[in-house]
Amino acid sequence: MSDKNRVALAFSGGLDTTVCVPLLEEEYGYDEVIGVTVDVGQPEAEFKEAEETAEALDLEHHVVDAKPEFAELCFDAVRANASYQGYPLGTALARPVIAEAILEVAKEEGCSGVAHGSTGKGNDQLRFEAVWRDSDLEVIAPVRELGLTRTFEQEYAEERGLPIEGGDEGKYSIDTNLWSRSIEGSELEEPGYVPPEDIYEWTTAPTAETLEVEVGFEDGYPVSLDGEKLEPVELIETLNDLAGDYGVGRTDIMEDRMLGLKVRENYEHPAATVLLNAHQALEDLVLTKEERAFKKQVDHEWSEKGYQGLVNAPLVDALEGFIDETQDRVTGTVTIRFEGGQARPVGRESPYAVYSAEAASFNTEDVTGGIEQSDATGVAKYHGFQERLANRVIDAADEE
């Protein structure tokens with residue numbers, strides 16, 4: 001038996017990963033390839049395609065359910081208000097979860113290598129390999145390393161009789177998981193092109209209809225919908241269906257990829273939009289001004305690491321230390337209204353609210369704790385003093 005006995009391949013059953021199967025044997029010298037498909041909320045049709053293709057290739061095929069782990073990571077992202085250039089990181093967060101699951105199978109099956117079918121232009125190659133290169137297994141990227149083109153893959157599949165009908169997987173490149181659905185490619189790559197309505201599956205065009213829902217949080221984690229406790233996966237799936245019917249969660253952005261490429265991306269993410277908006281509204285109620293300002297910096301750094309797929313980085317641990325310190329007060333409920341394609345917070349309640357109705361009222365003389373309105377006179381005199389002084393100095397100098 002050779003030193004290169006078995007390799008675990010991230011397997012979708014699509015063109016890229018299908019041609020990788022024989023190439024890993026012919027070009028890299030592996031005796032056996034095993035395919036691993038990780039469930040992070042893809043459509044059932046994708047698993048059927050992977051299973052049928054694996055069977056046609058006589059490929060040992062493993063399916064791993066990682067939806068619970070992925071949902072937990074998504075809720076960590078909610079606590080960090082995680083978003084990258086308007087995108088709630090669905091694909092980015094899924095990749096390290098998928099990579100970890102594949103690595104675990106590879107070790108259990110005695111593999112000496114792990115492989116993926118990502119190209120050398122995208123982000124996924126980096127996210128997968130950031131996890132895998134922390135192991136002692138060989139990391140292989142046939143599409144990137146062999147410089148494969150779409151045309152070559154189609155011709156190669158046809159010559160070898162690989163189970164790819166026409167070598168065409170559809171007009172657009174689509175990635176779906178619990179947290180988001182991305183649509184890219186073809187005419188959508190042109191920034192000036194107006195996408196047709198039929199690119200969307202999770203969301204419908206907004207109408208005049210509205211709906212209000214109540215989202216409950218404990219320690220910053222979403223835990224309930226309209227008073228009913230739900231597990232993370234069920235809560236996300238329910239909100240995707242519910243909010244999607246009101247057109248909530250569409251994003252059309254120019255995204256700066258990790259390798260410096262600027263690309264156009266279209267996303268659908270109803271549940272993510274609702275939960276992120278609700279969480280931010282509750283934080284605004286319970287955190288102090290200074291905490292809110294500093295947490296924006298922490299959230300930004302967490303989002304950058306999340307986009308890079310580096311959710312296990314030491315920096316993320318440190319950032320989450322601060323986040324944990326703030327989230328024990330992010331407990332309460334937020335009422336969200338679906339209206340015109342938006343998920344708008346219209347009410348929020350918490351026992352930790354940093355708010356005093358008496359102090360904020362225009363109908364009371366006292367502010368709070370024995371402080372009266374007239375006590376603000378001294379503060380008002382000093383406020384802006386340095387700026388006034390600076391302007392006088394500047395004006396005097398200009399007159400000379």
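Just so you know, glycine gets a Cβ as well, placed from its N, Cα and C.
Summary of the site annotation: Swiss-Prot records ATP binding at Ala10, Phe11, Ser12, Gly13, Gly14, Leu15, Asp16, Thr17, Thr18. Screening the candidates Gly110, Gly113, Gly117 against this entry identifies Gly117 as the one listed for that site.
Among Glu100, Glu109, Glu159, Glu255, the residue that Swiss-Prot places alongside Tyr87, Asn123, Arg127, Ser173, Ser182, Tyr267 at the L-citrulline binding site is Glu255.
The binding-site residues close to Asp16 (ATP binding site), defined as a CA atom within 10 A of its CA, are Thr119 out of Tyr87, Thr119, Asn123, Asp124. All protein chains included, Asp16 (ATP binding site) registers 19 other Cβ atoms within 10 Å of its own Cβ. Counting other CB atoms no more than 10 Å from each candidate's CB, the binding-site residues Tyr87, Tyr267 peak at Tyr267. Distance noted between the C-alpha atoms of Ala10 (ATP binding site) and Asp124 (L-aspartate binding site) is 12 Å. For the binding-site residues given as Thr18, Asn123, the lowest number of other CB atoms within 10 Å of the residue's CB is seen at Asn123.
If you take the Cα of Ser182 (L-citrulline binding site) and the Cα of Asp124 (L-aspartate binding site), they are about 13 angstrom apart, rounded to a whole number.
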